[in-house]
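Peer 1: Pasting the relevant annotations from TrEMBL:
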type: COMPBIAS; residues: B:191-214; note: compositional bias 'Basic and acidic residues'
type: COMPBIAS; residues: B:215-242; note: compositional bias 'Acidic residues'
type: REGION; residues: B:191-254; note: region 'Disordered'
Amino acid sequence: MSQEIAVVGSPEFTTGFRLAGVRRFENVPDDEKDADLDDAVTTVLEDDEVGIVVMHDEDLEYLSRNVQQNVETSVEPVVVTIGSGTGGGGLRDQIKRAIGIDLMDEDEDQ
Amino acid sequence: MAKDVKPTRKNLMEIEDRIELSERGHGTLEKKRDGLIMEFMDILDKAQDVRGDLADDYQAAQKKINMARAMEGDVAVRGAAAALQEHPEITTESKNIMGVVVPQIESSRVSKSLDQRGYGIMGTSARIDEAAEAYEDLLESIILAAEVETAMKKMLREIETTKRRVNALEFKLLPDLYDSQEYIEQKLEEQEREETFRLKKIKEKKEQAEKEEREAEAEAEAEAEDEVAPDDEGGDTAEPDMEQSTAGGVPGGD
């Protein structure tokens with residue numbers, strides 16, 4: 001089954017991806033993120049047509065606890081966050097919990 | 001738990017069977033966990049490379065689009081973005097790593113040539129083309145990252161479940177079963193000891209009874225003999241008397 005890539009974020013963030021051909025996008029202006037980002041992300045996550053969701057790292061902070069957890073654990077669709085940090089904040093915790101060692105931290109030290 | 005089981009031989013055999021099965025399962029699950037962790041390590045290395053590329057691509061793409069915005073204006077960039085006809089699509093196939101189904105994402109129509117983009121060549125500048133190209137590269141990296149991260153998430157979930165199962169077997173189920181086994185064995189041994197003791201007691205009693213019977217018999221015999229004895233004694237004594245009397249009589253007579 002062919003799926004699409006979706007982008008959620010501010011109009012500045014989504015424009016670039018639209019330039020690359022992404023047509024499924026949710027524009028949420030910065031000053032409305034507190035109120036609307038949760039709904040936008042939930043809509044995209046529940047869409048069967050979407051296979052990958054792209055978000056900015058910093059936008060995760062605007063999400064409510066439940067949605068944030070969904071974003072971190074969702075596999076279908078998978079959420080890829082890009083931005084300033086190394087990403088995978090939730091993944092790091094998951095690794096710590098599952099394996100018992102902070103593997104990402106170890107690799108950063110090396 | 002140990003006290004809940006009935007100390008019967010049948011239960012003991014059942015528990016021994018369960019212990020054997022659990023030990024075998026525990027060994028297998030431990031191997032699976034170790035195998036999964038080793039596979040995970042490989043994927044983690046890959047994921048970190050992909051993450052690094054992703055960050056670089058994002059930075060490059062942002063630089064390009066900012067430049068395009070600055071030079072051409074926001075409206076031109078948005079206009080070009082809205083004009084795109086070709087849309088990237090992804091198809092997922094699955095791959096099995098030690099029982100974990102991980103996706104393999106194939107993408108199509110991500111990288112496009114200038115004429116495929118659809119916003120026209122004349123109306124836009126090269127900066128927009130560069131930005132579009134940079135974002136196409138970024139999308140490729142994102143698709144790769146999505147594949148690797150999904151695999152990681154799924155494997156982590158599987159590792160966690162396997163670890164829980166191993167721990168539950170090792171620290172809960174097996175100790176409980178061993179306790180039950182020991183409890184039943186001790187109970188059965190005690191029952192055996194009681195049985196031996198009981199048999200000994202019965203034997204003793206029986207022997208005692210036999211002894212008493214024998215004694216009683218002997219006594220009865222003795223008594224019977226006693227009863228017979230006075231006649232015998234009279235006969236015996238009568239003779240010497242007679243002998244005596246005769247003896248006495250004879251010397252006297254002589």
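Residue numbering: from 1, along the chain as shown.
Cβ from N, Cα, C; glycine included.
Predicted, not measured: the structure shown is a model, and the values here were computed from it.
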Peer 1: Restricting to the same chain and to residues at least six past its boundaries, which positions have a Cβ under 8 Å from a Cβ of the compositional bias 'Basic and acidic residues' (B:191-214)?
Peer 2: 7
Peer 1: Please work out the helix, strand and coil residue numbers for the compositional bias 'Basic and acidic residues' (B:191-214) from the DSSP assignment.
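Peer 2: So the compositional bias 'Basic and acidic residues' (B:191-214) is made up of 24 helix, 0 strand, 0 coil.
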